[in-house]
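Colleague: Okay, so TrEMBL annotates it like this:
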- CYS379: active site, nucleophile (ACT_SITE)
- CYS256, SER257, ALA258, PRO259, GLY260, GLY261, LYS262, ASP280, ASP307, ASP326: S-adenosyl-L-methionine binding site (BINDING)
- 168-445: domain 'SAM-dependent MTase RsmB/NOP-type' (DOMAIN)
Amino acid sequence: MTQKTVREAALNILVRVGESGGYSNLLIHQSIEKDGLNSKDVALLTELVYGTLQRRDTLNFYLSPFVKRKVQPWVKWLLYMAIYQMQYLEKIPDHAIIHESVEMAKKKGHKGIGSFVNGVLRTVQREGLPSLESIEDPVERLAIETSHPKWLVERFVRWYGIDQAKSMCYRNLHTKEVSIRVQTLKITREEVIETLQKDGIEVERSKLSPQGIIIKKGNVFRHPLFKDYLTVQDESSMLVGEMMDVQAGMLVLDACSAPGGKTTHIAEKMGNVGEIHAYDLHEKKTKLVEQKAEELGLTIVEAKQGDSRRLGEIYDGETFDRILLDAPCSGLGVLRGKPDIKYQKSEQDIVNLSKIQRELLEAVSPLLKSGGKMVYSTCTVDKEENEQLIQTFLEDHSEYELDKAFQQELPEVCQGLPGLSDLGLQLFPHDLNTDGFFLTRLVKK
Ligand SMILES: C[S@@+](CC[C@H](N)C(=O)[O-])C[C@H]1O[C@@H](n2cnc3c(N)ncnc32)[C@H](O)[C@@H]1O
């Protein structure tokens, strides 16, 4: 594929995500499959889509003084993509960006739109972009310069103060490294590291999980070890498996399990001995859990479709030694990989989700055996879905308390982090370069 058609593919994805709520990661994946892109094209497509989406509001701020009339959505995204390249990608000269944008405008629209795009971009080139310093309100400036909705930045500032909010918003603009978990019942982490390094992939050992590896350079997805030995998983999610405190032979409930990243980790930690009842609301998704367990050779996972808010109808009281509630959440900790989330979520979504999270907690908590442990986790950084939820749950449930061993058992790199409190660990993306993630462990008296 030539660079020009990569740009056309990028523009199509941007319009679909930006205007009809499509998911960037899925659309990029589809485009890679359909158009058979080589690795250079994939890198450019990913850069253009993620870069432009991540900076949407900043690009809009930059562009506004130059576009006085209403334009069609695709023209707007074409201009965003052009400004993104001019401002943030040093390797591509401005004249080439302008030329290609004009050609695309002519092809997708007509000559007149081509002239319009040419006019706007040449004026930008001549006059320069407006300064973000002109925005006086610091919260509004942070929102625009890091392209987060203002309500979200206000929330971050309210929860964590302006400095943490700033660090988080800036970190959200940058991609993160891929990390993988090794199925250590089949192969050791050291063996995997040796093989990957021999094949030219640069790696680092995770400090959050003895099964984790961070890929510093190279493509692990096409490596022969990938399918049967490795699972792509953020290190923060690996920490959940580590903190489940499971042993072989236990009966474990994973209440929200798909696509099965944590279920399979827990099965590995149990030495594939015992039983894991892995539920998910969606039948299609439970198939993913089954498939992942099968690929990794883990036979103790029983994937089941069901609404975990109704598990009381299936199980008779205190049944499980361990429960994981990796709850559906707003996903505000994974904005680096899924920038669409920051534009699509609203404050009301957080309220609705915290209600569901509470219902799930209420439903599964009676199913834990006395002395058993329950881990609650989310990939978000909102207190309403995390600390506040746990606090009110504990106030209403005197049979539960925080597991005092939780803090001591956390890996050394987590000790002293700003998000570590009596209610659990809130990891920020800028702490250890993981997803923003919350986890805590409760024990039933
Ligand atoms: C954060 S994801 C789980 C990720 C999974 N634990 C992993 O590590 O791969 C939350 C999951 O909860 C499921 N879910 C949402 N509401 C549910 C409910 N009421 N009962 C069961 N599963 C639910 C969603 O379909 C989604 O797959």
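Glycine is no exception: its Cβ is also placed from the backbone N, Cα and C atoms.
Situate these features within the shown structure.
Modeller: DSSP gives CYS379 (active site, nucleophile) a coil state; it is part of no helix or strand. Non-local contacts of CYS379 (active site, nucleophile) by the CB criterion (under 8 A, 6+ apart in sequence, same chain) comprise ASP234, SER236, SER237, CYS329, GLY331, GLY333, VAL334, ASP435, GLY436, PHE437.
The Cβ of LYS262 (S-adenosyl-L-methionine binding site) has SER237, VAL240, GLY241, ASP254, LEU324, ASP326 as same-chain neighbours under 8 Å, each 6 or more residues away in sequence.
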Colleague: Near GLY260 (S-adenosyl-L-methionine binding site), which residues of its chain come within a Cβ-Cβ distance under 8 Å, counting only those 6 or more away in sequence?
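Modeller: Result: ALA278, LEU288, VAL289, GLU290, GLN291, LYS292, ALA293, VAL301, ALA303.
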Colleague: Below 8 Å Cβ to Cβ and six or more residues apart, same chain only. Which residues does that give for CYS256 (S-adenosyl-L-methionine binding site)?
Modeller: TYR279, ASP280, LEU281, SER308, LEU325, ASP326, ALA327, PRO328, LEU360
Colleague: Tell me, by DSSP, whether LYS262 (S-adenosyl-L-methionine binding site) is helix, strand or coil?
Modeller: helix
